[in-house]
Amino acid sequence: MISLNGSVFLNNSLTGASKSLSHSPQRRLQYPVLVAAVSSNGRSGERNVTLLMENTLKEMRDGSAAVEVEPKSTVGGGVEDVYGEDQATEGQPVTPWTVSVASGYSLLRDPHHNKGLAFSEKERDAHFLRGLLPPVVVSHNLQVKKMMHNLRQYQVPLQKYMAMMDLQEMNERLFYKLLIDNVEELLPVVYTPTVGEACQKYGSIFRRPQGLFISLKEKGRILEVLKNWPQRKIQVIVVTDGERILGLGDLGCQGMGIPVGKLSLYTALGGIRPSACLPITIDVGTNNENLLNDEFYIGLRQRRATGQEYAEFMQEFMTAVKQNYGEKVLIQFEDFANHNAFDLLSKYGTSHLVFNDDIQGTASVVLAGLISALNLVGGNLAEHTFLFLGAGEAGTGIAELIALEMSKQTGSPVEESRKKIWLVDSKGLIVSSRMESLQHFKKPWAHEHEPVKELVDTVKAIKPTVLIGSSGAGRTFTKEVIEAMTSFNEKPIVLALSNPTSQSECTAEEAYKWSQGRAIFASGSPFWPVEYNGKVYLSGQANNAYIFPGLGLGLIISGAIRVHDDMLLAASEALAAEVTQENLDKGLIYPPFSNIRKISAHIAAKVAAKAYELGLATRLPQPENLIAYAESCMYSPNYRSYR
């Protein structure tokens with residue numbers, strides 16, 4: 001054994017033995033034995049550690065040492081409590097384990113355990129931190145206050161994003177407490193719209209890896225690559241191939257900002273433990289000429305693999321994930337191009353726990369907004385007519401979930417419900433005369449009608465009560481379009497969902513101004529309040545972050561093995577139920593994000609209940625109070641006391 005910078009390391013033989021025990025799902029050394037040893041100081045303490053470890057290992061070989069035969073799964077999003085943190089109350093001390101006990105300089109460089117200036121006097125003595133920190137001891141709350149003060153000095157959103165990412169790499173718990181306590185202000189920083197610019201410039205701002213990059217170079221070795229990730233108990237994977245990042249197109253390997261951002265929200269909003277989250281980018285090349293010619297581009301410099309080569313690579317990836325992490329790991333597909341997104345969801349939906357946020361998550365959050373909006377305009381879904389600009393993943397996904405909910409409410413076949421929903425793509429209104437040339441996912445929406453090319457003419461012909469934009473084409477809801485909607489609707493519902501802000505079909509100000517303040521408006525990216533004719537209008541944000549964190553938590557706490565459409569409907573209904581009359585009076589069809597963790601717990605409970613009802617849950621028996629159970633499972637960013 002040697003001591004280096006205050007950290008205690010075991011010799012090779014002991015390290016190998018201890019690692020084999022700590023990684024075994026059946027035999028794990030109980031930590032109080034080690035804790036007493038590693039808290040000793042000086043050379044005599046080191047000799048005691050060596051002697052105790054040797055005696056302990058001998059006892060384990062003889063079968064007499066205390067081990068846990070069946071380690072318990074615990075509350076932190078259902079992840080096995082390897083380090084004993086979740087079994088302890090927040091007032092009880094825990095041991096900051098890495099490979100060895102983190103102490104001294106290494107502890108300050110470990111984002112999972114670093115507290116910065118919040119280390120207590122006792123902790124500074126116990127973990128060799130004297131002199132490595134200034135003498136002041138500050139509270140967690142004061143650290144949050146200081147960080148917010150610093151962030152507000154930045155005028156450029158990308159600078160705020162980079163500062164947040166740096167903080168995440170230095171002090172994980174401070175990052176999440178900062179985000180949770182200031183979610184409404186920081187959500188646009190860590191995710192849309194700022195994450196779009198971050199992805200565009202990812203090669204230039206790249207500092208350190210935050211997930212796994214799996215490229216065609218690793219074909220045949222993907223399982224090996226997955227095992228390089230230090231965490232073993234993964235429960236949520238967000239994966240992208242970077243081909244359709246937000247409304248920005250093919251950003252190749254630089255799309256990694258999306259999985260990183262999504263998983264930050266899984267933890268902050270849904271309470272999934274950070275160590276249980278894994279961001280992955282599948283790099284099969286890019287067709288973006290600017291990136292291929294960019295000297296700072298960090299991905300493969302080749303055109304995208306397609307067809308059988310792509311399918312085989314994804315098959316290897318999906319097989320390796322299931323082999324390495326088990327059947328209950330949630331795989332969220334993110335920002336795949338239409339032609340791959342639908343195929344992947346269809347192919348793996350029956351064999352893996354998979355979820356496409358662009359198709360299903362967007363649909364669920366929009367449906368929730370529509371259910372809320374009915375309280376303002378009256379009627380039920382079946383009494384309204386829907387027109388979509390955009391017939392890709394988001395548009396068809398939303399349309400299908402609306403049809404399913406409509407069918408559920410009326411008892412009519414879903415095919416009949418689809419007739420109330422019309423879609424417009426780049427060639428105009430989707431009608432039956434175009435059937436032969438349509439992609440398969442558009443065909444259910446081809447109805448009998450004469451062809452119409454322009455959106456404004458389509459609005460006048462169909463006379464929708466709800467206009468939804470999911471095209472990725474900015475400023476397509478023109479003054480003429482909004483005025484046409486207003487001409488036959490007392491309160492037209494206008495949802496401009498495309499991200500980032502530059503791609504939004506219209507702004508909040510345009511929607512309210514052109515409708516004389518009558519529109520019920522929500523958007524994909526946030527907009528500031530609008531004053532029109534002496535009245536202030538607040539617009540809601542149809543942000544997927546309302547749905548996917550709670551959905552993921554519900555799947556995890558129930559041990560679900562598949563995602564079912566009824567779970568998405570349950571999530572939508574749970575979110576709509578959180579909208580108060582006070583919110584509606586302000587014109588808001590979504591609740592404020594300040595309550596998002598409570599909202600996520602309610603969504604998780606409804607999703608879990610549906611999983612049990614459908615026989616898809618494996619975590620038995622079912623908890624009596626699913627809301628309380630969901631809340632108890634949520635990760636807390638509060639600092640823990642170290643021995």
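These residue numbers are counts, starting from 1, taken along the chain as shown.
For all residues, glycine too, the Cβ spot is worked out from N, Cα and C.
Keep in mind that TrEMBL annotations are predicted by a computer and have not been checked by a curator.
Per TrEMBL, domain 'Malic enzyme N-terminal' is recorded for 168-349. Feature annotation from TrEMBL assigns active site, proton donor to TYR191. Among the features that TrEMBL reports, (S)-malate binding site is placed at ARG244, ASN499, ASN543. TrEMBL lists LYS262 with the feature active site, proton acceptor. Look at TrEMBL and you will find GLU334, ASP335, ASP358 tagged as divalent metal cation binding site. Feature annotation from TrEMBL assigns domain 'Malic enzyme NAD-binding' to 359-612.
Distribution of TrEMBL features across the structure.
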{"residue": "TYR191", "record": "active site, proton donor", "CB count, 10 Å": "25"}
{"residue": "ARG244", "record": "(S)-malate binding site", "CB count, 10 Å": "24"}
{"residue": "LYS262", "record": "active site, proton acceptor", "CB count, 10 Å": "27"}
{"residue": "GLU334", "record": "divalent metal cation binding site", "CB count, 10 Å": "28"}
{"residue": "ASP335", "record": "divalent metal cation binding site", "CB count, 10 Å": "26"}
{"residue": "ASP358", "record": "divalent metal cation binding site", "CB count, 10 Å": "23"}
{"residue": "ASN499", "record": "(S)-malate binding site", "CB count, 10 Å": "23"}
{"residue": "ASN543", "record": "(S)-malate binding site", "CB count, 10 Å": "26"}
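For the pair TYR191 (active site, proton donor) and ASN499 ((S)-malate binding site), the Cα-Cα distance reads 11 Å. If you take the CA of ASP335 (divalent metal cation binding site) and look 10 A around it, the binding-site residues you hit from ARG244, ASN499, ASN543 are ARG244. Closest to LYS262 (active site, proton acceptor) by Cα-Cα distance, out of the binding-site residues ARG244, GLU334, ASP358, ASN543, is GLU334. ARG244 ((S)-malate binding site) is 9 Å away from GLU334 (divalent metal cation binding site) when you measure Cα to Cα. Considering only the residues assigned to (S)-malate binding, ARG244, ASN499, ASN543, the longest pairwise Cα distance works out to 18 Å.
Those residues of the chain, other than GLU334, ASP335, ASP358, with a C-beta within 8 angstroms of the mean position of the divalent metal cation site C-beta atoms are THR240, ARG244, ILE245, ILE258, PHE333, PHE336, ALA341, ASN356, ASP357, GLU393. If you measure from the Cα atom of ASN499 ((S)-malate binding site) to that of ASP358 (divalent metal cation binding site), you get 12 Å.
In this structure, the C-alpha atom of ASP358 (divalent metal cation binding site) lies 11 angstrom from that of ASN543 ((S)-malate binding site).
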